[in-house]
Amino acid sequence: MTALEIVRIPVLSDNYVWLVHDADSGATMVVDPAVADPVLDAAKARGWTITDIWNTHWHPDHTGGNAAIKDAARAWGGCTITGPAAEYDRIPTLDVQVQDGDRVMLGAHVAAVWGVPAHTAGHIAYHFADEGAIFVGDTMFAMGCGRLFEGTAEQMFDNMQRLATLDDATRVYCAHEYTLSNARFAVTVEPENQALAARLAKVESARAAGEATVPTSIGAERATNPFLRASSAAELGRIRALKDAA
């Protein structure tokens, strides 16, 4: 089985859309298309046709391109939009509703659906164990986590604990380039963390050069992400409140 090809597409001010292609079947999936045109252009440039859209949650900067991509896909047989069952009424274009414990396929590649509520009530993630990759939407960022718009610190702590069970090499595909601001905040939480200080320096250099800093990895986050490193829901909530006020 050929490894998936994963392409990062920067859109809007700081969003990343992920274009995922299975060469064996020809299937191509988009994770959280904020907009349509850059995604369609990226697929066309590679000779790929989009067969699937997977949404992690309902926010418009993750679903805004759904309808236009689905419309364009009629030219090659259509595409199927999959997303969280708990948010079906907030994603009008949804075809397939999934929840924690379900499995979804891209060609022969299997992704486990994780329920990760907190940022939104029905937020999900997609874990390709065979690829060592997880698409987390706005649940985890490099050195950060999503705001608790529709959930609690307890829920986010549970999400972090679940992510912490993954191998260090697992690649984490999040949906925003927040790394620099997250790193600058994180060093105020853990000023003695040398790994964090070193990572901040690397991120500052990368961003100054216009380079992307994601995907990240579970190993990198285990060493430097204060939300993943929090020892309790109360501690995570305290750090989240400080970040929100920063």
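Cβ coordinates come from backbone N, Cα and C, glycine included.
Take the Zn(2+) 1 site that TrEMBL assigns to HIS57, HIS59, HIS119: the candidate from ASP100, ASP102, ASP138 listed for it is ASP138. For the Zn(2+) 2 site, TrEMBL records ASP61, HIS62, ASP138, and the single candidate of HIS109, HIS176 listed with them is HIS176. All protein chains included, HIS176 (Zn(2+) 2 binding site) registers 19 other Cβ atoms within 10 Å of its own Cβ. When the binding-site residues HIS57, HIS62 are scored by other C-beta atoms within 10 Å, HIS57 scores highest. Within 10 Å of the C-beta of ASP138 (Zn(2+) 1 binding site) there are 25 other C-beta atoms, taking all protein chains into account. Within the model, the domain 'Metallo-beta-lactamase' (14-176) carries an average pLDDT of 98. When Cβ neighbours within 10 Å are tallied across all protein chains shown, the highest count among the binding-site residues HIS59, HIS119 belongs to HIS119.
Here the CA atom of HIS176 (Zn(2+) 2 binding site) lies 13 Å from the CA atom of HIS59 (Zn(2+) 1 binding site).
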